[in-house]
Structure formats: C-alpha cells, structure tokens
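Below: one structure, written as structure tokens.
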Amino acid sequence: MLARVSVDFEYLGIRDGQRVEYHEAWAHQREVHARVAADEMPGQVLFVEHDAVYTAGKQTLPAERPFDGTPVVDVDRGGKITWHGPGQLVGYPIIKLPDRVGVVDHVRRVEQAVIDVLAQYGIMAGRVPGRTGVWLPADDPDFVAPVATGPHHAKSVERTGHFTPGALQIASVEGQTAAVPSPGRQGRPERKICAIGIRVTRRTTMHGFALNISNDSAGFDNIVPCGIADATVTSMADELDGPAPSLLEVAERLEPLLDTHLSREGNLTR
C-alpha cells in the first residue's frame, strides 16, 4: 500500500487580511524548504497575498521585462516573468516529492487542485498542452451554457451549437457549469487564470502558483506575462457574475484539494 505524504498549511496574513512583502515570504520559504528537505518537518503549503511586485524566473528574456523599467525581483524558479499583488492568492507548496513523482507530475497535481476549486465556482478551466498553469478556453460563439447557481456563479449566456475545447483540456466536474463571457466580452483568446513556477532541490519543491481572484489586470499590462504573447490573463472577478470570493474563502477551499493531490504517492491518474 502506498504511504500518504503529510502536508500542513500555513496562512501568512490571509486570515487577517494582511499582505506580505515578497522578500519576506521568500526568506520564509527558504527556511521551511531547508527543514522539509532535512525531514525536520512535514511538507507545508504557504498561502499569502503579496504587495505588488514583478518576479522573473530563470528563463525570462530582456524583452519580456517591464516596458518602463520597473524593478523586478529575479528569483530561482522556473518559468518567466509574472506579477503578484493585491487580490491574487499565491500558494507555495514546499513538499518532498513522493517516490515515482517527478517535477512535471507535481505541477499537474497543483494545476488539478486549482482546476477543481475553480469548478466549485462554475468556472471550468483546464490545461493548454505545452504550457503550464491553468487556463480558460478561447471564447466560442457557438457554446451553450447553463446558468450556475450559488453566491458566486460563472457568467452564462444562451447560445446555439456546442463547445469545442480545441487545445484546452477541460476538467469535467459533475454538476458544475462552464464559465463563458457575457455578450460584451466575446472574442477573447485562451487566457491564463493561474500561473505556476516551481523549483526543486534535494527532491523538495518551492515557489508555486498564483491564482488571480480579484486583482486588477493592469499589473500585467506592463510585461509579457509568462513570456506568452498570444494569450491573455483573466481573474475570477472577470469570469464571475457578481463579486469574487475572498482570498481566504478560496484558500480554505483549496486546502483539502491540495492536501488530496499533493499527499499521494504514485503518478497522477486524473
């Protein structure tokens, strides 16, 4: 029988509505990483909201940096440049990778947890082959979507035809509905709602994901987000009809999903 990997959760200011400066959180990440790698503590997932900052992974090109020379924090994760700031939930899973779990599979586990939590709000997200992170499909004028229910529900409009996901691999969750744009928001390309950048040393992960909840997308206007010029970014606020949930609410819903996906040994089968 495969063993269950222990994962604990730490809310850095999220419960009190406090943001944490990026360098402070990064230093805490490194401290936790050293202890997890040395088997001095179980795996941890840190939830945090940052003050506005750009961070650049090791693959960032000069042309992808802020157009106006805004300072950037160069970090030791994979991926390219992105923005963090108010209204965005950042999660740092710091775990020792279980046996038979590689870096790519770890990323897929994180993606799946985010896909699952978005589905709880009626936002049907998925993956784009060859690109990390969690995405929404390009708008399809022939899509028919039912109206979701609950305090937060996806924008839905009546259309004819059927949804063709194309390159996007949509997660199927029973009883949930797909997020589609209002009539005034048609024609958008595939758009990223959650960025992921990971580093692994001593079989232990750090850095993680950034889920756009209620943040102002203007922070991304000054860069080429994640080095992808042929797509755009979105947030839960952009996709939901009505107010977006709080960061704390989403974090608390994500906790059991991340615990389930990250604590298993063996390959991801979903």
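Using the three backbone atoms N, Cα and C, a Cβ is placed for every residue, glycine included.
These come from TrEMBL:
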- C226: active site, acyl-thioester intermediate (ACT_SITE)
- R77, G78, G79, K80, I81, T82, W83, H84, A195, I196, G197, G208, F209, A210: substrate binding site (BINDING)
- 39-266: domain 'BPL/LPL catalytic' (DOMAIN)
- K192: site 'Lowers pKa of active site Cys' (SITE)
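Spanning the residues R77, G78, G79, K80, I81, T82, W83, H84, A195, I196, G197, G208, F209, A210 that the record associates with binding substrate, the maximal Cα-Cα distance equals 16 Å. On the 0 to 100 pLDDT scale, the model's mean across the domain 'BPL/LPL catalytic' (39-266) is 78.
K192 (site 'Lowers pKa of active site Cys') and I81 (substrate binding site) are 14 Å apart (CA-CA, integer value).
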